[in-house]
Amino acid sequence: MQLGVCYYPEQWPRSMWADDAKRMVELGITHVRIAEFAWSRMEPRAGEFVWEWLDEAVAVLAAAGLKLVLGTPTASPPKWLVDAHPDVLPVRADGTRWNFGSRRHYDISSDTYRRECVRIVSAMAARYGRHPSIVAWQTDNELGCHDTVPSYSAAALARFHRWLHLRYGTVGALNDAWGNVFWSMEYPSFDAIGLPNLTPTDANPIHLLEFRRFMSDEVASFHCEQIDVLRQHAPDADLLHNFMGFFTTFDHYRFAEGDALDVAAWDSYPIARTESIALPDEQKARYARTAHPDVSAFDHDRYRAIGRGRFWVMEQQAGPVNWAPWNPVPAKGMVRLWAYEAFAHGAELVSYFRWRQCPYAQEQMHSGLNLPNDELSPGGLEVQQAAREIAASPALSALGAAERAAVAVVFDYETQWMFEIQRHGRSFDYQTLAFDYYESLRELGLDVDIVPRNADLSAYRLVVVPSVAVMDDALVDQIERSTAQWVFGPRSGSKTNLFAIPSTLPPGALQRVLPIQVLEVETLRPTLAPALSIGDTDGVALHWREHVRANGETRIEAQFDDAWPAILSHGNVRYVAGWLSHALHREVLAQAARQAGIATQRLPDGVRIRRRGELTFAFNFGPELAQAPAPAHADFVLGHAQLNTGDVCAWRTVGD
Amino acid sequence: MQLGVCYYPEQWPRSMWADDAKRMVELGITHVRIAEFAWSRMEPRAGEFVWEWLDEAVAVLAAAGLKLVLGTPTASPPKWLVDAHPDVLPVRADGTRWNFGSRRHYDISSDTYRRECVRIVSAMAARYGRHPSIVAWQTDNELGCHDTVPSYSAAALARFHRWLHLRYGTVGALNDAWGNVFWSMEYPSFDAIGLPNLTPTDANPIHLLEFRRFMSDEVASFHCEQIDVLRQHAPDADLLHNFMGFFTTFDHYRFAEGDALDVAAWDSYPIARTESIALPDEQKARYARTAHPDVSAFDHDRYRAIGRGRFWVMEQQAGPVNWAPWNPVPAKGMVRLWAYEAFAHGAELVSYFRWRQCPYAQEQMHSGLNLPNDELSPGGLEVQQAAREIAASPALSALGAAERAAVAVVFDYETQWMFEIQRHGRSFDYQTLAFDYYESLRELGLDVDIVPRNADLSAYRLVVVPSVAVMDDALVDQIERSTAQWVFGPRSGSKTNLFAIPSTLPPGALQRVLPIQVLEVETLRPTLAPALSIGDTDGVALHWREHVRANGETRIEAQFDDAWPAILSHGNVRYVAGWLSHALHREVLAQAARQAGIATQRLPDGVRIRRRGELTFAFNFGPELAQAPAPAHADFVLGHAQLNTGDVCAWRTVGD
Amino acid sequence: MQLGVCYYPEQWPRSMWADDAKRMVELGITHVRIAEFAWSRMEPRAGEFVWEWLDEAVAVLAAAGLKLVLGTPTASPPKWLVDAHPDVLPVRADGTRWNFGSRRHYDISSDTYRRECVRIVSAMAARYGRHPSIVAWQTDNELGCHDTVPSYSAAALARFHRWLHLRYGTVGALNDAWGNVFWSMEYPSFDAIGLPNLTPTDANPIHLLEFRRFMSDEVASFHCEQIDVLRQHAPDADLLHNFMGFFTTFDHYRFAEGDALDVAAWDSYPIARTESIALPDEQKARYARTAHPDVSAFDHDRYRAIGRGRFWVMEQQAGPVNWAPWNPVPAKGMVRLWAYEAFAHGAELVSYFRWRQCPYAQEQMHSGLNLPNDELSPGGLEVQQAAREIAASPALSALGAAERAAVAVVFDYETQWMFEIQRHGRSFDYQTLAFDYYESLRELGLDVDIVPRNADLSAYRLVVVPSVAVMDDALVDQIERSTAQWVFGPRSGSKTNLFAIPSTLPPGALQRVLPIQVLEVETLRPTLAPALSIGDTDGVALHWREHVRANGETRIEAQFDDAWPAILSHGNVRYVAGWLSHALHREVLAQAARQAGIATQRLPDGVRIRRRGELTFAFNFGPELAQAPAPAHADFVLGHAQLNTGDVCAWRTVGD
């Protein structure tokens, strides 16, 4: 349980640095991230490096006993670079070029820009790579943010051609694989293939998918070019990138493969996220000041998987922010709560954005731990409280590891891409469906691991697959060997790896363990909602519904009021033939957990619990006073069972 | 009553062709359309024709006894063509060019592309034009789809200049006719005239109108260049084009003039159409699975006029589709119902799209008569049922002609363009108004002919003109000679042919038979709705209302609650001074029908009837069980009077 | 109280001119505006001037006794000019160029176009500058309309560079002032600075603000180049420009500085304005046919300030118009009422747009005083009535001056720009907030002066500042010297002149007189509304709320239900810490007025009063019959106390 902060020495007079460092340490902060975005100060003119200010900043902070995370400055190429190489600017889907004047104005496929990045990162790493206080390096900042990936540039096209060539060998193979006979889309050569933008109607979905796969690889290789430099110069540091919440532009599992990173760090802005994602308006209002109870947890669990157990919150919201459609002030207690929540989910470090609110430029309405007049902000005061609590409690400061959960939820980036490319109905969104399943499990008091579709799932007792577009044989092999309960959501196995319908119909290979066939599917306008009941729970299908035929000995566990099956099962495998209203999802998962021998409890609205090491934490995100589900004589190490809005407590877990 | 299907042999292994043909025939299919979109297979490289596969496909299908419709492949120019002539790509209103990668990526005004089209069509027609099994040819596919018409290209501009030169002779005449003195819009020469896009505020409406007229002519001449080739090589075949529903980009009457086509074929997707058009949300939900009861009928009646009596459904929805905002599965029975509905309205052939769902590329979520695994789809099973019923019933298989109706509705494409150019209020749409009138008549149990404004109307007893922007003297001459009842909707006669207000005020020449003048007009926000009653029917004006002065002996039949006239009449001519809520439209038309001596009946909600030959058909599109309005001892040749959702019945008509 | 009209002789046959002039005079019209938009007739080809038609038009109108206002034709450059200099076309934010074909298709920063404008204005002014009947000149038409300002052109960029150079001296000073160290936005030279469009995310707010300030200056200098010519040739004429309602693209106070204009004229379209601005739907419906009661008054009072006491309505709505989302017909009486309303607020002249509805081109659906068939329109008949009433009443025809009000509302254009650049929440709009305050005061029966933030405010008893982004020391100095009551709305003093947060926190310098600090601010989604009560009035905060700390002896007058202060005061200064629901704003202002010793009265809904000279006018904009708040035995010079919708009355004021 360590606390950090993001700091931009270049934005403040040198005279403030030492005092800032001293106050950080006093507050209980151990880590400070600096230097990303500072390219124009490191290299004010091409090839003229100015390190003196950064040397001093590093020295001052290190002298105060702080550990440093250095960010590479490649998210903001300076103007002289853009003027010398205008082709580094990215191109929008409509063919216009983005301009200089904010950040992320670079084409991730530009060979020129990649060369420039290796150059600046090499210079920086050579100078600071072995500094004893620099414990970690971050590449770039929030890769893919602001829709600058994909870029529809000539550079992207040239690299896409090479990528396709490697993948398909001959253009004939590609034409066959893509089904380009359709609408005479056959290409005479790799060079004839274009980017899939500005087509009068839909481009071929496999064309779109391959472009997304390619772009995902581009993001990863851009990062890895910096990692290669950093590994060489900073062999002892943790290398990381700061990812974003609810962000699926690239495949984060694939990004993290090999030794691409040591820690998965991410930037957590729960209030703005709650305002931005597809939630019912009633929930956006209820949780406007606390954030939805699962919105951070979902990504904590996701990034714990991506970091193979190691994750940090690199930027944690410290007060109101500036970028959501509306930006309310968090409820009292939330800045403290979010820290404990992250730790409960396994975070090693929670680092706040930012030390002091910057009174000028784009983020002047983004709060920090200090107000622009340098007094601690309301959020800063809460961090102070949390730091003191942790320091005072051995149970909190020396928390055990986050153990494997009994329940796994498979989250798959390619499924997101495929169903974005082919929503089929305006309101279908895979990540939203996955979040609905996740929320259901969490409302039942369950800890959850999020895992990729190719994970080893043998140790889980319940595996939930909200959907997975492509049903690998390997996954079905795991099911065949498994005694766990398996729940599959709609559209599972609906596509091949080449974005086609399986020849045996969906759910494809899953039929080996669950003999059903999806004959027809439909998307549902909000006013068209087939009804159904599961046990005592009534509800409807939303967005999506399937007409499924049960073959063999498949059981129909529930059906819609027009007699089409809603839940089908065979052995330990369940299939849900539509997007069900929330209470039905919870009921299906409760039944499956029961069959898996996993105890569940229905938590009070807005309350969540999470076990870590020997402790169980409870959090209240709701506007009502609530009772934590602690046993009668629980041994509390933090707070107590009665939870106001924004309260947290923790007690020693005894059995389960 | 013949059934057809659309088939793409190039998308399937040759080994399947013979079996497919056999199963088509077994199903009761007589016609099969092939070859459109297959340019890249007919001519894989410039000038290299490969006919062998198509020869074999034609031979296999013909050998099975099927009649063939050949489509020209010009809706999908291959990549080599686009690369050789990049100027064939169309240009969007914002000035960017569309890309290759889907279909319809051609500029209809490109001389290069027109030359290429004549070349491929000549080669194809020369080879297959006299094949005895090829009974029809289709040009291109769904001309104007995907907003690729108009194209804002240099080619379009050059041809627009020539078109204007022919029409106006001198630029001075054009400046006068257009009123270009306004805002100094005077042009020094024809070449100085631009396309009416990207103007800071509205372009001159006559400029926009002439560009739409020009583009409409471009579509027609593009088609006719292929027709000229086909007439020469395939003198005995029916020539046609497959039009779309609710589609008004070009003037279909003008398109069909002369010998431009033998049959008007159109593509009917009633469920997706219901989801896409401007209907109250309550109706979109009610008819989500059956389609609105008039949405297909409206176009059946429209295309019967365009084909001068001969029309086909070239593509009929066979199950769920992929392109509407939401895509529900049709209710059981609808695929069968839609076939009978088309026949009842006079269709010669109903051809389904498509034989088998294609598991790859853009239309993989578009159903066919067979599932991707080659078993009959639910829709396919319904077609099988209909085919068997027809084969078993002489009354159905040898149905008489569709006779002239007693009621005509004038539908005018130019009126659509003029009121799109000048909606005046956000929610005014002429086609929606025309549809509302049509629906009213159909709810009253009436058969309707849709006719152009210059049709000979002398044989009708009731003529309904939902609106007609330009009131020709010729139309008023017809009224003067007529004993029929005439009903004119709002905005009738509000414009001259040069898009100006008539000097005598609207309704212009109509004042010869109905002495009224429209002093002021207004568009109405949804919360501003002047009330009125007609007889016992209460309602409001929506979208549009006029302040009309009754001159001479004009009678005021109804008035708004602020005393402005709502319905005015003189002799056999009525004028409706606003867009009335639906029940009021129905009441006005019921009164007019009564005066015309036409019997009406209020059909149950969702039920429609249609007479053809000696039969009356009844259809139930509503979710409730309903009773067909058959006489007590009706002689049923299909079904019976009790109609579930999706049911159809037919009995022998005795008098009316 | 003089009446005028806009007339376009070039649009009508010469044979009509004399009769038109005669009928204008008969109607009571004294002023007629002509010639703007007629460039293509004055100069049909480059350098070939044709004045003969304009000579005759001027002669005919002058001979009838009419006074003339001449408009320069620069809002519509002719095609030959655009073809000779394509760079005069403006560039949109997305980088595409606007086309010829409507109006305002010029780049206000084009040196070429400015030269052309000086040329045509010089020629015109030299010919007509000293004509005795030409009493005024108008430059251009509605500068900034149709979003053609700003233009993102190379010309604009070059002039922006010069403007920045003059303002900052060195690029280093600019980088420091803008905080360009943030995100490495530092510029190596002035020439390296771009326009702030097409950035992947927000541009630096000071970059955006400086570009808006520059563009505002561009509009002013464009106008002044014509004024310089006109002053020279027409030394005795009133020079003016016709501004628009609710229009804030440029700083109108700054525009009017020096001798840039003699009269502030503006174009008043109250019905379309009501439909277009951000009003609750319920109010848009209630006032659809009368316009909102304050929508014209707000701009009358604003332009009276801009004209330093002298203002005209250059174009007054005379019936239904064509450009709002919906365009209803005004209620009977409104065309007359709007004239009296303008006079009551101090207008010297009310000039109607336009003499006769033009049956062709873009504005054919825009009414005038005559219908296209040349009979008086309903609006024309109302103007006739008003003209006769005025002529018959010495009290009306010789009305006194509009005196200074007791209440001032500060309206500040830069505040609008800054809060547009940084709304922080989707629904925050400064002008809407200012309008809400204005409406509150008017509902209390108060006359209001609108003033710039740097006005001398010493004579007012109540000064209302709905918000002012930058709190000048000069303004605080005025407060210190003042015995008036002061009310400041939220976000006051929240920014420095360089778009940064003040180092002492908001409200910046206001803390000298009101010791408070804004710690955090928040924007509120519609479903998140902190409640509060002031006296008996209940309500909520909308859109925006602040967490304020009261320092020193500041009093908390009201607080939100979560205990944060809502109204704070110190001495005679009040601060409102949020955007309150309307009734609360009215209550706060009523309390402040009471303390200032200003009598208020709650007028009936929809009724407004305004004093001018010795008269008090009352107007009823509501749909209900209402009673004017006249004393028992008032001496009415117009109408009487009972007011139907659209009625007006006036009586001699006795004391107050």
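Numbers here mean position along the shown chain, with the first residue as 1.
Cβ coordinates are placed from backbone N, Cα and C, and glycine is handled just like the others.
Sequence-distant contacts of C:Glu142 (active site, proton donor), defined by Cβ-Cβ distance under 8 angstroms and a gap of at least six in the same chain, are C:Ala75, C:Asn242, C:Phe243, C:Met244, C:Asp267. Among the features that TrEMBL reports, active site, proton donor is placed at C:Glu142.
Taken from TrEMBL, the feature active site, nucleophile applies to C:Glu315. According to DSSP, C:Glu315 (active site, nucleophile) sits within a strand segment. Its own atom aside, the Cβ of C:Glu315 (active site, nucleophile) has 24 Cβ atoms within 10 angstroms in the protein chains shown.
A simple way to gauge crowding: the CB of C:Arg103 (substrate binding site) has 24 other CB atoms within 10 angstroms, across all the protein chains here. The substrate binding site annotation in TrEMBL covers C:Arg103, C:Asn141, C:Trp323.
The domain 'Glycoside hydrolase family 42 N-terminal' feature in TrEMBL is assigned to C:6-391.
The domain 'Beta-galactosidase trimerisation' annotation in TrEMBL covers C:405-598.
Residues of the same chain lying 6 or more positions beyond the ends of the domain 'Beta-galactosidase C-terminal' (C:606-642) and with a Cβ under 8 Å from any Cβ of it are 286-287, 290-294, 297, 337, 340-341, 343-346, 389, 393, 395-396, 399-403, 442, 445, 447, 648-654, 656. TrEMBL lists C:606-642 with the feature domain 'Beta-galactosidase C-terminal'.
Just so you know, the Cβ of C:Asn141 (substrate binding site) picks up 23 other Cβ atoms within 10 Å once every protein chain is counted. When Cβ atoms from all protein chains are considered, those within 10 Å of C:Trp323 (substrate binding site) total 16, not counting its own. Rounded to a whole number, the C-alpha distance linking C:Arg103 (substrate binding site) with C:Glu315 (active site, nucleophile) is 18 angstrom. Among the recorded positions C:Arg103, C:Asn141, C:Glu142, C:Glu315, the ones with a Cβ under 8 Å from a Cβ of chain B are C:Arg103.
Counting only the Cα atoms, the space from C:Glu315 (active site, nucleophile) to C:Asn141 (substrate binding site) is about 11 angstrom. Here the domain 'Beta-galactosidase C-terminal' (C:606-642) has, by DSSP, the following mix of helix, strand and coil residues: 0 helix, 18 strand, 19 coil. Of all residue pairs in the substrate-binding list (C:Arg103, C:Asn141, C:Trp323), the one with the greatest Cα separation is 16 Å apart. The average pLDDT the prediction assigns to the domain 'Beta-galactosidase C-terminal' (C:606-642) is 97.
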